[in-house]
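Quick look at what Swiss-Prot annotates:
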| type | residues | note |
| --- | --- | --- |
| SIGNAL | 1-18 | signal peptide |
| REGION | 62-89 | region 'Disordered' |
| CARBOHYD | 127 | N-linked glycosylation site |
| DISULFID | 148-213 | disulfide bond |
| DISULFID | 191-242 | disulfide bond |
| DISULFID | 201-244 | disulfide bond |
């Protein structure tokens, strides 16, 4: 850009000098020599500027980089068994599931969300028979039947389970909290039998289908430990429903 400016400026001077009668025009050779010198000076200037930029970049690249401040280790969701504190119990609200209960006494009723299921109560007291019967009478319409028969109950002695990673973990049966320890209970639902009728599930066309009742599982949060080291809330599998599994009979369309 600067070279073009010099050429235009010199051309302007030549025009002015050509129109002036009082001044002598510069010789052609001297004018060309002046233009060449100006162009060379501009090229040299650009070359020096580029070299200075390269030197500056090389110098900055040799400087030691400022070390980033060390990150604080993220707070682990798991605690050592010996250091298990009340914080884990306070996390129950965040991780709570209606099928998991922490209590200092055995629950006598199903969770509110599962009042309509076939609940099998504890046979400790005889006066609870009517209560168990009331929970079991959930069929409100005559003539309606389930394809599979299921039963639900509180599991009070669960000691191990499979977590979401496929690892076997230990389920904490008792958690010490001050004066009164609490226990962990699981409300599970499973099939009463694989074949409620002779040929499998109830109401299935056995001419075209093979059927069988199977217990299905899902994940809930529970207090567990792995290798008796770290305690925390993990996703584990428990029995939660009974479903009918179908497969088409070979040769049937």
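Placement of Cβ uses the backbone N, Cα and C atoms for every residue, glycine included.
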Express the distance between the Cα positions of residue 191 (disulfide bond) and residue 148 (disulfide bond) as a whole number of Å. 7
Among all chains shown, work out which of the disulfide-bonded residues 148, 191 has the most CB atoms within 10 A of its CB. 148
Cα distance, residue 213 (disulfide bond) to residue 244 (disulfide bond), nearest Å? 4
Work out the three-state DSSP category of residue 191 (disulfide bond). strand
Cα of residue 148 (disulfide bond) to Cα of residue 201 (disulfide bond), in Å and rounded, measures 6
Let me know how many other Cβ atoms fall within 10 Å of the Cβ of residue 242 (disulfide bond). 25
Going by a 10 angstroms cut-off between Cβ atoms, which of the disulfide-bonded residues 201, 244 has the sparsest surroundings? 244
Work out how many Å separate residue 242 (disulfide bond) and residue 213 (disulfide bond) at their Cα atoms, rounded off. 7
In sequence order, which same-chain residues at least six apart have a C-beta under 8 angstroms from residue 213 (disulfide bond)? 147, 148, 149, 191, 193, 194, 195, 196, 200, 201, 242, 243, 244, 245
Which three-state DSSP class does residue 201 (disulfide bond) fall into? coil
